[in-house]
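Trainee: For reference, TrEMBL lists these features for the protein:
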type	residues	note
BINDING	Gly12, Ala13, Gly14, Lys15, Gly16, Thr17, Arg130, Arg175	ATP binding site
BINDING	Arg38, Glu59, Leu60, Val61, Gln95, Arg136, Arg147	AMP binding site
REGION	32-61	region 'NMP'
Amino acid sequence: MRVRVLMVAPPGAGKGTQGAVIAEHFDLQRVTIGELLRRNVADGTELGRRIEPLIERGELVPDDIVLDLMREGLLEARARGRGYVLDGVPRTIAQARAAYRVARGIGMTAGVALHLQADDEELVGRLLKRAAVEHRADDNEAVIRQRLRLYREVTEPVLTYYTRRGILLTVDAMRPVEVVSADVLAALEARAA
């Protein structure tokens, strides 16, 4: 059985870290929307120029762009005969529904929506530390707080959607990375069995 995981978590909760652990453990395709968007900005593509101001302000990128990137990533995973870890979709209820339709249309629906749960102040601290290392335009304190507010208002309701679908798996991300990874992998192994 191919493992297919959606990552649903606030900024700084460890989606990238845990996504990499999951992808390596299960040999999955990583589809990371944020990285794809930032690459377009860095490369100066037409799409990058269009979305750069949104990213700098911590705003959401339009659904059509995000869903197109998601579809491309899932098609690549399917072509390689692999499952996937999807990071960056969905951000809204409408996007969750649209993402489900896109994935269903290509036979790649997710079996798990992994929610990494963490406290806002811890997340702000983590993101400020990351900003000092990575120099990301969307990691200054004002933008971080805007992104967290947006997550709480817009993305958090997506958790109810996945609870109703019976695929939500919540893990406490406030613990050391290794402990979180062990819990995530054990839970995914149990679901894949």
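From the backbone N, Cα and C atoms, a Cβ is placed for every residue, glycine too.
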Trainee: Just how many other Cβ atoms lie inside 10 Å of the Cβ on Lys15 (ATP binding site)?
Mentor: 22
Trainee: Between the binding-site residues Ala13, Leu60, Val61, where is the Cβ count within 10 Å the lowest?
Mentor: Leu60
Trainee: I'd like to know which of the binding-site residues Thr17, Gln95 has the most other Cβ atoms within 10 Å of its Cβ.
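Mentor: Answer returned by the neighbour count: Gln95.
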Trainee: For Gln95 (AMP binding site) and Arg130 (ATP binding site), determine the Cα separation and express it in whole Å.
Mentor: 27
Trainee: Using a 10 Å radius around each Cβ and counting other Cβ atoms from all shown chains, which of the binding-site residues Arg38, Arg130, Arg147, Arg175 yields the largest count?
Mentor: Arg147
Trainee: Just how spread out is the ATP site if you go by the largest Cα to Cα distance in Å among Gly12, Ala13, Gly14, Lys15, Gly16, Thr17, Arg130, Arg175?
Mentor: 17
Trainee: What does the structure give for the C-alpha distance between Arg175 (ATP binding site) and Leu60 (AMP binding site)? Integer Å is fine.
Mentor: 28
Trainee: Mean pLDDT over the region 'NMP' (32-61): what is the value?
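Mentor: Looking only at the region 'NMP' (32-61), pLDDT averages out to 89.
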Trainee: Check the DSSP secondary structure of Leu60 (AMP binding site), expressed as helix, strand or coil.
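Mentor: Once the DSSP labels are grouped into three classes, Leu60 (AMP binding site) ends up as coil.
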Trainee: Which entry in the list of binding-site residues, Gly12, Gly16, has its Cβ near the fewest other Cβ atoms, using 10 Å as the limit?
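Mentor: Comparing Cβ neighbours within 10 Å for the binding-site residues Gly12, Gly16, Gly16 has the fewest.
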